[in-house]
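Asks: This is the structure I want to talk about, given as structure tokens.
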Amino acid sequence: MTDAPVSRIRNFCIIAHIDHGKSTLADRLLQDTGTVANRDMQEQFLDNMDLERERGITIKLQAARMNYTAADGEEYVLNLIDTPGHVDFSYEVSRSLQACEGALLVVDASQGVEAQTLANVYLALENDLEIIPVLNKIDLPGADPDRIKEEVEAIIGLDCSKAIPCSAKTGLGVPEILQAVVDRVPAPKDAVEEPTKALIFDSYYDPYRGVIVYFRVMSGRINCKDKVLLMASKKTYELDEIGIMAPDQKKVDELHAGEVGYLAASIKAVADARVGDTITLLNAPADEPLPGYTEAKPMVFCGLFPTEADQYPDLREALNKLQLSDAALQFEPETSSAMGFGFRCGFLGLLHMEIVQERLEREYDLDLIVTAPSVIYKVNMIDGTEVMVDNPATLPDPQKRESIEEPYVKMEIYAPNDYNGALMGLCQERRGEYLDMKYITTDRVTLIYELPLAEVVTDFFDQMKTRTQGYASMEYHLIGYRKNELVRLDVLINGERADPLTTIVHRDKAYNVGKALVEKLKELIPRQQFKIPLQASIGSRIIASTSISAIRKDVLAKCYGGDISRKKKLLKKQAKGKKRMKAMGKVDVPQEAFMAVLKLNDSP
């Protein structure tokens with residue numbers, strides 16, 4: 001049993017945009033409270049995936065318990081729950097916020113408020129969290145704390161008179177932050193005697209002990225000898241151990257309301273202990289689960305194929321293992337005439353897709369070909385049924401379908417005023433519908449647009465950063481489906497349809513996209529000994545075509561002068577060979593060609 005009374009527990013998280021110093025601040029808090037000895041300290045202590053350290057982002061949630069002696073001489077338990085800052089992982093963020101009573105809002109004193117910070121702040125306000133503004137990086141020469149305070153007050157409406165200036169790098173202001181957490185974050189509700197409910201805010205897969213679940217006890221208590229029931233998945237488990245993260249796992253006998261801990265119960269896969277599920281006791285279950293549980297739905301799909309056919313079983317095993325620790329990843333087998341066997345995978349967003357792909361290549365040593373990402377389309381058939389299509393190649397024939405609907409998102413882009421025109425141009429190109437424009441401060445603006453998700457998942461983010469020299473940031477959420485004039489654009493290479501290059505585009509853009517695509521492929525596919533026609537088609541109608549000319553071997557090199565009929569015979573023989581080659585020959589399409597769909601920046 002941990003001995004902290006509920007009144008001396010503080011649960012808080014850190015909200016920050018990528019690169020505003022969240023993980024560094026977490027490091028300093030751990031160091032200042034003596035939770036991690038100075039000699040054990042390494043940068044970004046809570047980001048324990050190599051990929052997280054390299055990209056400087058937090059992907060999986062972590063939690064750490066710190067003991068802190070406050071100014072009043074009492075010892076407090078501070079539970080820091082780390083949150084991912086990226087838009088793809090917003091569901092995980094919302095669950096971790098539910099486990100807290102307060103949040104540190106970290107804003108870079110030289111850059112100001114960014115889109116993802118805002119999205120998370122609104123989530124925190126919905127959960128009634130006490131928000132403490134922290135201005136980080138005040139040791140930088142470009143820092144302007146007064147301007148940033150005004151900005152936070154203008155945009156979020158928070159009172160910044162008590163904002164804490166700090167530098168997580170040097171440790172300046174960290175003791176004040178710890179004291180502010182004790183003074184300003186409310187203690188958890190004292191609900192020890194109520195029926196047991198605990199919220200799962202994260203889980204990860206341990207190859208030896210099964211799934212380790214991180215949870216926050218909302219009411220009641222959990223003992224290490226209890227049998228528990230997970231209310232959403234209806235599964236029951238006998239606990240092997242429970243404990244606290246300090247920040248390494250430490251076993252305890254019991255945890256009560258307000259505390260944060262972990263449990264191990266030989267759970268086979270993360271999908272059995274979903275983030276947001278409610279843990280209760282089997283012999284005295286709660287009447288209803290905690291609110292807000294939803295299953296993470298994939299938004300972006302792509303095909304993953306091994307470059308070598310014999311790696312297919314390895315890819316399947318790697319995906320199975322990854323799914324144990326990533327419940328949002330979905331996959332099913334698919335075959336393609338051009339690529340052989342592979343998998344169709346579903347992801348939360350583009351970043352999630354990149355991370356999964358990188359982990360497969362890095363941790364499982366696989367060489368992969370990845371097709372261009374697509375979204376889920378809703379196809380209304382003539383017979384009145386609805387079909388959901390996540391692979392453009394499987395779109396039903398035009399004769400059978402009545403209309404196609406595509407997902408739309410509402411997007412907010414935050415950027416300096418100077419880049420207004422460039423951003424509006426980009427949104428216009430991507431079939432965006434203008435909703436509103438708000439001036440946050442005299443030189444920063446918010447653009448609000450509605451766009452088709454398909455236009456966002458390709459290279460929208462890269463383009464936005466390029467056109468604004470990296471200053472813009474965006475945040476979007478799904479708002480539903482809308483009917484549009486959409487067609488399937490097929491690419492034929494040497495007369496054969498290349499499934500991975502099939503895309504669904506708006507009818508008005510089809511010709512330009514088709515033309516740009518075949519031109520791009522012409523650059524990327526190496527020349528062969530025979531001529532390769534490249535065509536883009538809608539149904540049976542070819543809308544754009546070009547061809548890669550053959551490499552010609554000079555068969556007349558050995559003929560010095562002499563009879564013309566001899567030369568004709570050799571040329572005829574060569575033409576015959578090329579004809580046979582063209583009929584039999586397979587064209588090797590390099591990986592870059594499959595990503596060509598993404599890089600059609602020159603298409604309007």
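Glycine is treated like the rest: Cβ placed from N, Cα and C.
Here Swiss-Prot flags ASP19, HIS20, GLY21, LYS22, SER23, THR24, ASN136, LYS137, ILE138, ASP139 as GTP binding site, drawing on sequence analysis. Swiss-Prot lists 7-189 with the feature domain 'tr-type G'.
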Asks: Cβ-Cβ under 8 Å from ILE138 (GTP binding site), same chain, 6 or more residues apart: which ones?
Replies: ALA109, PRO145, PRO165, CYS166, SER167, LEU172, GLY173
Asks: If you average per-residue pLDDT over the domain 'tr-type G' (7-189), what number do you get?
Replies: 73
Asks: How would DSSP class ASN136 (GTP binding site) in three states?
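Replies: DSSP call for ASN136 (GTP binding site): strand.
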